[in-house]
Every structure is written in structure tokens, then in C-alpha cells.
Amino acid sequence: MNINPRRTPLIAGNWKMNLDHLQAIAFVQKLAWNLKDAGHDFAAVEVAVFPPFTDLRSVQTLVSADKLPLAFGAQDVSAQDSGAYTGEISGAFLAQLECQYVIIGHSERRTLHNESDEQVAAKVTAALKHNLVPLICVGESAEDLAVHGPSAVPVAQLRAALAGVTNAADIVVAYEPVWAIGSGQAATPEQAEQVAAALRGVLADTLGQDVADKTRILYGGSVKSGNIAAFMREPNVDGALVGGASLDIPEFSSIVRYQKHVDL
Ligand code: PGA
């Protein structure tokens, strides 16, 4: 099933702080074999992994040597290009490692590292400058949801994140309710659709209908093989950002192959 032929679904695995570079090599090799063995059509459903920074060179070498049809990216990027920023990683370095994507504004960075909407916007601009596709995460806490209702906070976060984005930009948006991340309690497909539709409205408002139509909006938060198909049936959900379940090869492969294992 591909509800929206203009948008190729994307299943993205956010490893967070898991798997060192040696584990990453074994993992990516097995994942690619597993999906190839199963006859996965990578052009029909794109697969991307987001390892820790220290794994990226190994993943790049493997993907390029074995011509694996997997995309990969980083979990964060500096807003700066170079200079006295101890501990930061430049988008230029990520581009050199052939990263296609970079996650920006994940809720763990917003909460644990106090990243502001302004910093998120600056990072989005930096990613685009280096031809990296920013995977912009937005999402509300349980308290936000109770106080502001659905979509208010994600909509405001997306507007802020797009401050420096032009309508020529290639971006991906991920709606990840904070209360659903790692909790085992996913949003309902209807909740995900409601917010994804509102986010598409923001894209149309700020970047134009054309960009809104072609930009992929992912859902993230306790995605598993058992619930992915229901999310993918929603017209505004174009994929998933998967955390915990992306570390289990059979489970992640099954999520990637949602079109095959569940009746749609
Ligand atoms: P989860 O994490 O799938 O473990 O809920 C999602 C994420 O944080 O991107």
C-alpha cells in the first residue's frame, strides 16, 4: 500500500546511545541481509539508520563497500561549521561521511540538553547548508497535551524550526509525542493523523503546497511490528521513527516490511 505516491515511505531507526562501531558493522550487515533475503523493495519503502557519531565512519565504509541500499544519518548536528566548540560535530563532517540525514530536535535533546526552538532552527539551517536532510522532530509532553490540546505544541515547534528554511529545501518531519517515546504506549493512529495533518498545514503555510505535498511526515513513539500498519494507513503518515524496536533486527525488518505482513 502506498497511499501517497508522491511520497516514498521512510522507516528510520534511531539507535540513540546504543551499539558501538563494531556492533554497528555486524548489525547493519545483518539488517541488510535480512531485508534482502526477504526480498524487500528498498525503492518502495526507504530504510535509514541513525547510529551514534562514533559508528558513522564504519557504517559509511560498509554501506559503500557492499553497496547496501540503506540510508544513514546522525542523531544531531552543530549549528556551527567549525571552530572552538568542544564536543560539537559539524554538518560539513557529516556530509563528508556521506550521511544523507540528520535528526534534529529529538525530545531527548530538547529535554536533557535544553535545546530551544531557536537552536533547533539554527541546526536545521546548518544541516541544509551542508546538503543533509534534516529530520525535524516535534512533539508534546503529556502535560502540554492536557493544557494546550492536540497539535498546538508540535505546530508551534515546527513553525519555529522552519524559520530559516526556503521552499527549495528537502526536509522530513517526525511527530513524536514525548509521552509515547519509550513508554510502550503509542499514540493512536487517529491521534498521529490529526497532528500529522496539522503539521502538513504548517508546511503548506510556510513553504507552499508543493513542498507540503512532497514532504514526508513520520510518526514516532513506541512503534512496533504490531502497530506500524495502522499508522501507515493514515493519509498523512509517511513512515516511522523507531527507537527501541530498531535495535532488534527481526522486529525492525518486520516494521520495514509492514506492507507484507499485515493485511492492508
Ligand atoms: P521508541 O523511540 O520507538 O523507543 O518509543 C522513538 C524515538 O525516540 O525516536
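Any Cβ shown, glycine's included, is placed from N, Cα and C.
Straight from TrEMBL, the features:
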type     : residues                                            : note
ACT_SITE : His106                                              : active site, electrophile
ACT_SITE : Glu176                                              : active site, proton acceptor
BINDING  : Asn14, Trp15, Lys16, Gly182, Ser222, Gly243, Gly244 : substrate binding site
Sequence-ordered binding-site residues from Trp15, Lys16, Gly243 with Cβ under 6 Å of an atom of ligand 1: Gly243
Whole-number Å value for how far Glu176 (active site, proton acceptor) lies from Gly182 (substrate binding site) (Cα to Cα): 11
Most Cβ neighbours inside 10 Å, all chains, among the recorded positions Lys16, His106: His106
Neighbouring C-beta atoms (10 Å sphere around the C-beta of Gly244 (substrate binding site)): 20
Cα-proximity to the residue listed as 'active site, proton acceptor', 10 Å cut-off, over recorded positions Asn14, His106, Gly243: His106
Nonlocal residues around Ser222 (substrate binding site), in sequence order (Cβ under 8 Å, 6 or more apart): Ala180, Ile181, Gly182, Ser183, Gly184, Gln185, Ala186, Gly244
Candidates Gly182, Gly243: member of the binding-site residues with the richest Cβ shell (10 Å): Gly243
Pairwise Cα distance maximum in Å, substrate-binding residues per record: Asn14, Trp15, Lys16, Gly182, Ser222, Gly243, Gly244: 14
Residue among the recorded positions Asn14, Trp15, Glu176 whose Cβ has the most other Cβ atoms within 10 Å: Glu176
